[in-house]
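Taken straight from TrEMBL:
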{"type": "DOMAIN", "residues": "A:10-145", "note": "domain 'Response regulatory'"}
{"type": "MOD_RES", "residues": "A:Asp78", "note": "4-aspartylphosphate"}
{"type": "REGION", "residues": "A:140-177", "note": "region 'Disordered'"}
{"type": "COMPBIAS", "residues": "A:168-177", "note": "compositional bias 'Polar residues'"}
Amino acid sequence: MAIAADSQFHVLAVDDSRIDRMLIERLLKTSSFHVTAVDSATKALKILGLVEDDLRNFDTSVASKFHQDVEVNMIITDYCMPGMTGYDLLRKIKESKSLKDIPVVIMSSENVPSRINRCLEEGAEEFFLKPVQQSDVNKLKPHLLKSRVKEEQEQPINNKRKGMEESYSPNKNRQKM
Amino acid sequence: MEVGQMQRQWVDYTKSLVFEGFLDGQFLQLQQLQDENNPDFVVEVVSLFFEDSERLLNDLTFALDQNGGVDFKKVDAHVHQLKGSSSSIGAQRVKNCCVAFRNFCEEQNTDACLRCLQQVKQEYCLAKNKLETLFRLEQQIMAAGGSIPMIELSF
């Protein structure tokens, strides 16, 4: 069976600014994503099924205890937030066995090269400078499709489909000019 | 005034706001995100901007009025937020004021900060008036049965 193209991708957007939440939600929806927008990294972790206390010794058995009601295909988060920053959130996600393969995108109003590099090194797929544009959001689908193909290939039920893997060249130019 | 005339007036007014630097391309991007399914998107986002800005300007006034010593980290945090939201809606002159303001926060220069606060309040008032004028024009167009034109981004 082909990639379930009819099931929408679900993006979790995290930003403490309600204006920016409204903006990113609208941008994502014009690309036909299903969106959940929250105002803190802590809330994001709750949705992802992670709770702070258990994060240090995280394993899949703990993850199943906090049943994820909704599947999240991508997380897009602001960098500067009070409490837990977007960078902290990124790290927690990448440290989690069950969540580390979910693509994470960072947004920031400040063009700080060391910040950008740190996020990319930590595993962020993209780094968008604010205000985020439609052209930025258009870059998201390839990451999501790649994840979905990877998921399907890892399914034991499905047969290997050699032709299915998209020839995809990752965009290395992540820093916005 | 008939609808076509009102629409042309709306286009001219929007363009003048961009040429005069009150609004930048980000505002036009917001308009592009508005459609029949989300007809109030721009008004809604800008209304949030008005609410947030007024709160932040009050907070800034209070923070800079501390005779016991100004907490510049707090002042900077407020200005950072105001810079972010003005940038997100395309209120260019407000945003530019915030950039200067943050530099003075870093220098911990109270007098300069107070001057910046005055300036940013002025720019905010101007931006608010102009946006409200624009929205009134929109309401008139829609009341007359017309629709808001799409502006070319590359003018």
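Backbone N, Cα and C atoms are what each Cβ position is placed from, and that goes for glycine too.
What you see is a predicted model, and the numbers here were worked out from it, not measured in a lab.
Residue counts for the domain 'Response regulatory' (A:10-145) by DSSP state, with H, G and I taken as helix and E and B as strand, are 59 helix, 24 strand, 53 coil. Under a cutoff of 8 A between CB atoms, and with a sequence separation of 6+ in the same chain, the neighbours of A:Asp78 (4-aspartylphosphate) are A:Val14, A:Asp15, A:Asp16, A:Ser17, A:Asp20, A:Gly86, A:Ile106, A:Met107, A:Ser108, A:Lys130.
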